[in-house]
Amino acid sequence: MSFNYTDADFGGFGFTESTINTWIAIADFISSISMTVVTYEFYLACGGVVANVFHLLILLQKSMRSNSVNVVMIGIAACDLFSMGFTVFSNLLVLVNSNPECWNSSNYSVIVIQLWGSAINDDLRRMTPWLGILMAVIRFLIIKNSLNPKFQKLSDPMFSVTITLITWILSTLWSMFYFLRLSVTDVGIPWEPAPTCTAFPLNYTEHQYDFTIDQTYMSNAVFIIKVYLIIDGILKIIPTIMFPILTFLLIRELKAAQSSRQKISAAVQRKEESTRSDHTTSLVILMTVTFMTGEGLLGICYVVQGLITSYPIFVQIVTDLSYIFGIFVALNSSTHCLICLTVSSQYRRTVKSLFLCESCKPRKASSKVCVSAKASVSSMAPVT
């Protein structure tokens with residue numbers, strides 16, 4: 001994150017003195033912003049954990065699980081919850097390690113958790129925008145082929161479960177390409193507590209561990225990193241390009257469906273169904289749009305990092321940028337439940353039934369009193 005840039009960092013590129021000074025100013029500015037962002041990332045991630053626990057609790061209710069789009073949203077919420085939780089864990093490690101002289105931050109358990117946590121987080125973060133794409137595609141096909149019985153299975157929750165599992169498997173295979181080459185090994189330098197740490201016995205030591213690349217991959221380690229970053233970045237950029245296209249198609253199909261309904265029937269029931277359709281489609285559109293800012297910029301950073309792996313100083317600058325853009329991912333993860341509360345009437349009803357049902361029960365007993373009170377007040381009102 002924080003990096004002290006000097007003239008020597010940019011001296012080997014043939015830049016003039018003024019150009020070097022400009023690069024140093026830009027790099028220092030980006031580095032300072034990234035440090036500020038990371039400082040507040042912990043608090044935002046904590047809010048994201050709370051928001052996604054609440055979001056999952058609502059989506060897992062029986063009334064919500066009957067909708068195929070909501071099932072995909074369950075997958076998105078689960079991915080967001082783990083991502084925010086891992087961010088909280090990583091920041092807590094820094095807080096716990098505020099006195100590194102008395103705690104071995106490279107012990108085996110911590111390093112193993114960091115390795116597996118990073119692998120799972122990488123897997124789920126890549127998977128999330130693609131689930132957003134699938135959610136939009138499902139909704140588009142349901143609206144476009146509402147009268148075609150062959151497409152009725154798209155509304156089946158099990159269909160969403162199946163495609164979510166397939167998406168997870170494909171994303172996991174790509175993460176394995178990178179993380180299977182890493183292993184946890186003893187660095188060979190024992191950790192010793194400082195003399196000021198009085199809780200340890202005399203001559204106490206612990207092993208220190210770190211990630212290492214398996215020897216079979218050492219010959220082409222740089223090439224693997226380059227390929228991984230570029231392809232992973234492209235996998236983030238593609239959904240960003242597809243989101244506006246799908247949003248346009250959804251809006252167009254929605255207008256066409258509304259026009260057809262008005263021509264076929266003006267019955268109240270049909271209008272209610274149309275309203276529910278509008279709400280679901282609006283929900284899908286808003287959910288997909290939020291992914292554009294969350295993942296697209298990070299995808300560009302990954303591709304650039306893969307292209308400039310031979311220039312470590314510029315890789316560091318782009319890494320600082322990725323920390324800054326990562327805040328949009330956290331914001332995106334925290335807003336999904338707010339979008340659902342705003343747009344989906346079914347979501348609001350589920351929230352009320354889950355949290356307000358006890359306060360709603362006494363209303364029947366007091367209804368007669370309320371009516372009589374209202375009648376007495378109205379009888380006293382002056383006639384105008």
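Even glycines carry a Cβ here, placed using N, Cα and C.
Using a Cβ-Cβ cut-off under 8 Å and counting only residues 6 or more beyond its ends in the same chain, the transmembrane segment (42-60) has close neighbours at 70, 73-74, 77-78, 80-81, 83-85, 87-88, 91, 327, 330-331, 333-338, 340, 347, 350-351, 354. The transmembrane segment annotation in TrEMBL covers 42-60 (among others).
What TrEMBL lists as domain 'G-protein coupled receptors family 1 profile' is 51-340.
Among residues of the same chain six or more beyond the transmembrane segment (72-96), those with a C-beta under 8 A of the stretch's C-beta atoms are 41-42, 45-46, 48-49, 52-53, 55-56, 59-60, 65, 103, 105, 110, 113-114, 117-118, 120-121, 124-125, 127-128, 131-132, 134-135, 138, 160, 163-164, 167-168, 287, 329-330, 333-334, 336-337, 340. What TrEMBL lists as transmembrane segment is 72-96 (among others).
Taken from TrEMBL, the feature transmembrane segment covers 127-147 (among others).
Among the features that TrEMBL reports, transmembrane segment is placed at 159-180 (among others).
According to TrEMBL, the feature transmembrane segment maps to 227-251 (among others).
Summarising the annotation, TrEMBL assigns transmembrane segment to 283-309 (among others).
If you look up TrEMBL, you'll see 321-343 (among others) marked as transmembrane segment.
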